[in-house]
Amino acid sequence: MRIILLGPPGAGKGTQAQLICKRYNIPQISTGDMLRAAIREGTELGLKAKSVMESGGLVSDELIIGLVKERIAQPDCVNGCIFDGFPRTIPQAEALEKEGISIDHVIEIDVPDEEIVKRLSGRRQHPASGRVYHVVYNPPKVEGKDDETGEDLVQRPDDQEETIRKRLASYHTETEQLVGFYQGRAASGENAPTYDKLDGLRTIEDVQKDLFNILDK
């Protein structure tokens with residue numbers, strides 16, 4: 001069972017992916033993790049990727065697909081996997097198909113932009129411990145202070161509204177096109193992945209319940 005989760009940053013994909021991994025005993029495959037592992041292990045693809053990255057270039061889709069093929073051939077992927085942050089573009093999705101890497105389920109977690117901004121821009125972190133709070137959903141006992149040490153909380157650059165809106169714009173420009181691509185594939189029928197869209201405004205538990213119902217079919 002191979003799964004792609006789609007949705008904007010902050011939609012809750014990471015949380016749901018962890019729950020899926022635990023229930024179905026499948027790994028979450030991140031292209032970033034694969035790249036780092038291949039470079040660390042000095043594989044042929046890893047050495048190629050390292051050379052490209054050191055020269056300031058972008059790793060090609062062809063290289064990434066090669067890493068994906070290597071990774072899904074490993075024993076822990078025998079029951080399937082969840083793709084994390086991949087594919088991001090239609091050419092990458094088409095390259096997966098060309099290489100015969102089938103996908104069983106594509107699930108979109110839909111959350112409006114303004115809710116994403118609210119979720120992410122409200123996060124505050126205690127730098128020393130990594131503890132994370134939220135000004136609305138999980139506020140500290142004293143505003144702006146860590147519960148345990150009383151030290152100042154900070155807003156990470158990634159959680160600033162301007163940065164979040166840039167990430168959302170990038171998602172809408174690139175990754176959102178995959179929604180139409182996979183909806184079309186699902187409608188075509190035979191040997192195509194199923195496509196489901198879930199309302200990500202609901203609780204983690206409600207989204208999880210729907211996800212499991214889809215995957216248990």
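Every residue, even glycine, has its Cβ placed from backbone N, Cα and C.
Listed in Swiss-Prot:
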type	residues	note
BINDING	Gly10, Ala11, Gly12, Lys13, Gly14, Thr15, Arg123, Val132, Tyr133, Arg202	ATP binding site
REGION	30-59	region 'NMP'
BINDING	Thr31, Arg36, Gly57, Leu58, Val59, Gly85, Phe86, Pro87, Arg88, Gln92, Arg156, Arg167	AMP binding site
REGION	122-159	region 'LID'
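Overlay of Swiss-Prot feature records on the structure.
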{"residue": "Gly10", "record": "ATP binding site", "Cβ contacts under 8 Å, 6 or more apart": "Val111, Ile116, Arg119, Leu120, Ile164"}
{"residue": "Gly12", "record": "ATP binding site", "Cβ contacts under 8 Å, 6 or more apart": "Ile109, Val111, Gly200, Ile204, Val207"}
{"residue": "Gly14", "record": "ATP binding site", "Cβ contacts under 8 Å, 6 or more apart": "Asp84"}
{"residue": "Gly57", "record": "AMP binding site", "Cβ contacts under 8 Å, 6 or more apart": "none"}
{"residue": "Val59", "record": "AMP binding site", "Cβ contacts under 8 Å, 6 or more apart": "Leu35, Ala49, Val52, Met53"}
{"residue": "Phe86", "record": "AMP binding site", "Cβ contacts under 8 Å, 6 or more apart": "Ile29, Ser30, Thr31, Ile64, Val68, Gln92"}
{"residue": "Arg88", "record": "AMP binding site", "Cβ contacts under 8 Å, 6 or more apart": "Glu174, Thr175, Leu178"}
{"residue": "Arg123", "record": "ATP binding site", "Cβ contacts under 8 Å, 6 or more apart": "Val132, Tyr133, His134, Gln155, Arg156, Asp159"}
For the region 'NMP' (30-59), give the DSSP counts of helix residues, strand residues and coil residues. 22 helix, 1 strand, 7 coil
What does DSSP assign Gly10 (ATP binding site), in three states? coil
Neighbour count (Cβ, 10 Å) for Thr31 (AMP binding site): 20
Work out the three-state DSSP category of Arg88 (AMP binding site). coil
Cβ density check for Arg156 (AMP binding site), other Cβ within 10 Å (all protein chains) comes to 13
As a test of reading the model: what is the averaged pLDDT for the region 'LID' (122-159)? 95
Taking 10 A as the limit, how many CB atoms besides its own sit near the CB of Tyr133 (ATP binding site)? 21
Using DSSP, break the region 'LID' (122-159) down into helix, strand and coil residues and give each count. 3 helix, 10 strand, 25 coil
